[in-house]
Amino acid sequence: MTTDSTPRPPQQKRSRAAMERILGAAQELVAERGAAALTIADVAVRAEVAVGTIYSRFAGKDALLAAVQDRWLDQLIARQQANRTAVTEVSADFQDVVARCVSGMVSTFRDHADLIREFALRNAAQPVQDNAALRKLHEVFTQLCDVILAHPGRPAEIDRRRVALAVRAAQAILEWRVTTPLAVAPDNDWDTLSQDLPGLAMRYLSGNAS
């Protein structure tokens, strides 16, 4: 069943390829220009499809943006699942795993800063109830916490509450970075955050926040 805001799924291989081009083009344009400046016509040009092709799949711009965010979050979840085993296999050291998890967060926010900023602004304007993007974001958050919690070298006192707060704190700092121009707050640039955030998270987890 579809609604006015639900994209109509393509049935054929060629149609699916066109859908991927549409979503990919829209994602690029959101990162380049922002969601407010996005137009269906610009997406059509970038994706090399007719405007009518986009409207045959999406009720309008908001439905397209929702699909772009949903697709990107699915990709993020898949990457995180793929990296989960790699992170735990690289090192048996708990502190190193925490550092790798937080460093991965920094890299994701840094590499996709423009896109994340636009998604954050869009989510803030959406109702919390029935917000699929927020549910997927929570899934990403939970997966990351689970990697840390599942480590056999985790001290017993580092429980889910403490891990969740450490990850939320890192996430909040990174969200602040993507929404705050460097000209306004130049001290905590990406290189500084990449160097300092893993240690900050570990100091909190170990109970040494001084």
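Any Cβ shown, glycine's included, is placed from N, Cα and C.
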39-58, 59-78 - the range that TrEMBL marks as DNA-binding region: 39-58
DSSP-assigned states of the domain 'HTH tetR-type' (16-76) in counts, ordered helix, strand, coil: 47 helix, 0 strand, 14 coil
Local confidence of the domain 'HTH tetR-type' (16-76) - pLDDT mean: 93
